[in-house]
Amino acid sequence: MDLLSISSTALYTAFILYLIATFFFGATIKDKQTDNKKKGFSGKIAITLTIIGFLAQLVYFITRWISSGHAPVSNMFEFLTFLGMALVLGFIILYAYYKLSFLGLFALPIAMIIIAYASMFPTEISPLVPSLQSHWLYIHVTTVALGQGILGISFVVGLMYLIKEVDQTVRSKETTWLEIVMYILFVFIGFIVITTSFNFMNYNATFEYGQGSSAATTDYHLPAIAAPNGGTLVTEDVMKPWFETPAWFQGEDAGRKFNTLIWSVITGTVIYLITRLILRKRVGATIQPLLKNMKADLLDEIEYRSVAIGFPVFTLGGLIFASIWAEIAWGRFWGWDPKEVWALVTWLFFAAYLHLRLSRGWHGKKSAWLALVGFGIIMFNLIVVNLVLAGLHSYA
Amino acid sequence: MKQIKCDCGHVNPLGTVLCESCGKPIEENQHIDGNEGKKLLNMRYDGTARRSKTYTKSVVDRIWSFFSSVKVGVWLIVLALIASMIGTIFPQEMYIPANTPNRDPAVFYESQYGVLGLIYYQLGLHNLYSSWWYLLLIALIGVSLVICSLDRFVPLFRALRHQNPKKHQSFLSRQRLYSETESATDEELETVKKQLKKRRYNIKEKDGYLLAEKGRFSRWGPYVNHIGLIIILIAAILRSTPLFFMNEYVWVREGETEVLPGTNGEYYVENKDFIFETHDENDERFKDALSKEGMVASNYQTDVVVYKANRSIPGEEPELEPVVEDSIQMNKPLSFDGYDLIQSGYQLNEFSSMTFKIHETSDADEKSLGSFTVDLRNPQPEFDLGNGFKVVLDQFYPDYYLDDNGIPASETNFPRNPAFVFSVYSEDSEKPEVSFVGIGRNIDGTGENKYKLGIEDFEMHDVSGLTFKYDRSLPFFGIGAVIFMIGVIQGMYWQHRRIWIHKRKDGSLVMAAHTNKNWFGLKKDIETVTENTNIKMVEDQQELGEKDN
Ligand code: HEM
């Protein structure tokens, strides 16, 4: 077996281990004691599996690094996979401190969604363009991902807090928003499901677009609902597009990405609706009883702590190391590129969060909502900024 | 100045919320920290008197109070955040793509994004980050940072430096973590003390009162990090002056030497060679990706020599003395004498010169009757071929294309696709013959020309775009960033924990504890130190419900 297949097997193994670990974390629901004292047997198995899974992912990372000659953090697949890994690491760190098995039941699925999402992007090893050929690439990107992973835990815990604390007996703004967050998670799952299905069928539809010397083709692996701007379908016997992607979608392959988004939303919605139909109540309301034994106070504190721990790491990676690299590569440490601006936005947001925590009224639910928004900003920077606001960093 | 005397005899400054010495709440001042009617004390800044909360009459007071409010600070941060987001809706002016048909912002935004683009442009949002109001926002954050830090730092420093372990009962019982134990022995107290010391608490005792404290320095974290931020803001101001920052751009052709702008002619740079390399398509590792993406660049490099000019007399042609010879690559800038040269752009395969020959139109062999060479960087107007032929260069289009009206024009000033209109004068006719010659084009002006021009030879070169700059503000940014990081780490990864223990004469014992964050950790500490004793574990008197309201 060559290194590269070892690498992808290791990633796959990690994924499966996280999945199994999640079930074991789920089994800890029975444990009455949510404090650190007595840890159930299943909790021990679960964390062990998580750590082995993390090590497997480390194997993926190292072998891929060796075989490509550069740290695998240079495209969307690699970066998102790493983010998932960082989230798991953040979880392990906080678990070591708080011994809260339950955290795993929520953190691991989020990490798995991110890793699965990552695998939908091209996974080939790609060579580095000159601007990426720097040690600062690794230093910057790994630190950023680590910071984002730790901050991501605050999202997980904030979500747990809200599921636990939002009153589900009556319909309110809070239940609606919480349900919207759940729905967004379903859209990610929808993306994974639909992409996997059509990949499995080897679906392909080719478009030609652009004019004159800059003509190009793009391959859709999902039936085209939105054609590329100014594109014509050249493959026969496939679904005809319904409309064109608006011109203001920037960047390479904007049409294909937009089309994928449409499919993800459709699939996610369908899965969500089916789930609702089966459950006959809000998804949040369904999960709520699971969290009955948790102390709200402790969740609130962990959420805050993960921001407190993640914020310096993110600052270091996302602003300071980023600036150092930009200074070396482009001769300016700050250029108001969209990606940079969104790192600044993330930073300002969490600074605001920390300051709000200084006052009394901003603990509990309000702060949990902020944690969700904060992670939303991180994901926005990763996905929308890459796909829509093309900048120097446009990865995929 | 009116002062407040506490029952314990300590005289506190006006505006104090908790007595500086014994911690007893000064009842009439509880509203200052928004603590009226609450069971638990507000321990922020240990209840010290802050200027912003005490003096609110004069204009200066009001401004001071305004900027020292965290609420205002957060608003400023949120406004800066929203403004920053708005700046990414459409590209900023400097990021208008180079291949856009019309890069004039007045045209670009409307043509690309319609009405919204037009509004964006007219509001000046295409240069948002250098707009006066954005800079003002940042400046206000700076002011707020300075004032709020001073407002809190000074009293907090005083309060924490002279802590009296002897605390009033109402101070203790109104802490978040509190317990009362009916009876505790002296041995148990000793065990606790020993355990506390083992966990590196500092212990201070007075009259049977005990204060165990750890991690106080973390309280200075926010002030340290704010100082770092202020230094960064100052560095940004410095950077806007030419003394600290210069940024120029030069295009240098291979084989040529250009003066480096912004140095008063002191430095010159020679481009010896520009190297453009791509990843090997047959590289096993990248085969899949390369077959999808096509060619991927692997190296941009300029081999340069930097010269220093010696002029014995000002204005005289300088004598160039090499300073450094090196190659500049992306991510490997060249530094010399405080300047940096950075690989920033390139243009491959420009034409340096073209050689043309004249032959008879009817001659199938195209036998040359004479030739001439046009230097495309600096084309001569006329060429005398010596054997009766004279060629005049009527028009030169360095980068030829046909514009919308079908009229020949030049897209850029770079000789990438040169085209020429020549008049050929020969001995056999009075009137010159007009020829249009370009790459792959050779058009006869009248269709009856006797002589024809053909491209015989050409030379090409690459051009390298180099950023030339100095940035003397970088050390200040660096210092600011380091101080900021020290501050946040200090404030975030350590916590200030305090445990007060009082063993009363009757053998009962009270214990109270406070931390600025990580209550879980503090509780764990207390659990450990009271292990194997009968001292009661502290109870958390605060339910989240209370905070939420
Ligand atoms: C982008 C700008 C800013 C950043 C990154 C920043 C960062 C921080 C951080 C990391 C903390 C520590 C928080 C904690 O320990 O939980 C802090 C505390 C604080 N900040 Fe800022 N800050 C900024 C702007 C401001 C402004 C404008 C104000 C003005 C009102 C302010 C007032 C405070 C105060 C009062 C504290 C608490 C100090 C204490 O606990 O003793 N900050 N800041």
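Using N, Cα and C of the backbone, Cβ positions are placed for all residues, glycine too.
Curation plays no part in TrEMBL annotations; they are all automatic predictions.
According to TrEMBL, the protein carries these features:
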{"type": "DOMAIN", "residues": "A:74-195", "note": "domain 'Cytochrome c assembly protein'"}
{"type": "DOMAIN", "residues": "A:271-393", "note": "domain 'Cytochrome c assembly protein'"}
{"type": "TRANSMEM", "residues": "A:6-25", "note": "transmembrane segment"}
{"type": "TRANSMEM", "residues": "A:45-67", "note": "transmembrane segment"}
{"type": "TRANSMEM", "residues": "A:79-98", "note": "transmembrane segment"}
{"type": "TRANSMEM", "residues": "A:105-125", "note": "transmembrane segment"}
{"type": "TRANSMEM", "residues": "A:137-163", "note": "transmembrane segment"}
{"type": "TRANSMEM", "residues": "A:175-194", "note": "transmembrane segment"}
{"type": "TRANSMEM", "residues": "A:261-279", "note": "transmembrane segment"}
{"type": "TRANSMEM", "residues": "A:307-328", "note": "transmembrane segment"}
{"type": "TRANSMEM", "residues": "A:340-356", "note": "transmembrane segment"}
{"type": "TRANSMEM", "residues": "A:368-392", "note": "transmembrane segment"}
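Counting C-beta pairs under 8 angstroms (sequence separation of 6 or more), the transmembrane segment (A:307-328) fails to reach the transmembrane segment (A:261-279), with fewer than 3 such pairs.
The recorded stretches the transmembrane segment (A:137-163) and the transmembrane segment (A:79-98) share 3+ CB pairs below 8 A when only pairs 6 or more apart in sequence are counted, and are therefore in contact.
Helix, strand and coil counts under DSSP for the domain 'Cytochrome c assembly protein' (A:271-393) come to 99 helix, 0 strand, 24 coil.
Stretch with the most C-beta contacts under 8 angstroms to the transmembrane segment (A:6-25), considering only A:45-67, A:79-98, A:105-125, A:175-194: A:45-67. With DSSP states grouped into helix (H, G, I), strand (E, B) and coil, the domain 'Cytochrome c assembly protein' (A:74-195) comes out at 99 helix, 0 strand, 23 coil. Within the chain carrying the transmembrane segment (A:105-125), a Cβ under 8 angstroms from the stretch's Cβ atoms is held by residues 4, 8, 11, 14-15, 18-19, 21-22, 25-26, 28-29, 50, 64, 67-68, 72, 75-81, 83-85, 87-88, 90-91, 152-153, 155-157, 159-160, 185, 188-189, 191-192, 195-196, 290, 396, all 6 or more beyond its ends. Remote same-chain residues near the transmembrane segment (A:175-194) are listed as 110, 113, 116-117, 120, 159, 162-163, 166-168, 222, 260, 263-272, 275, 282-285, 369, 372 (criterion: CB distance under 8 Å, separation of at least six residues from the stretch ends).
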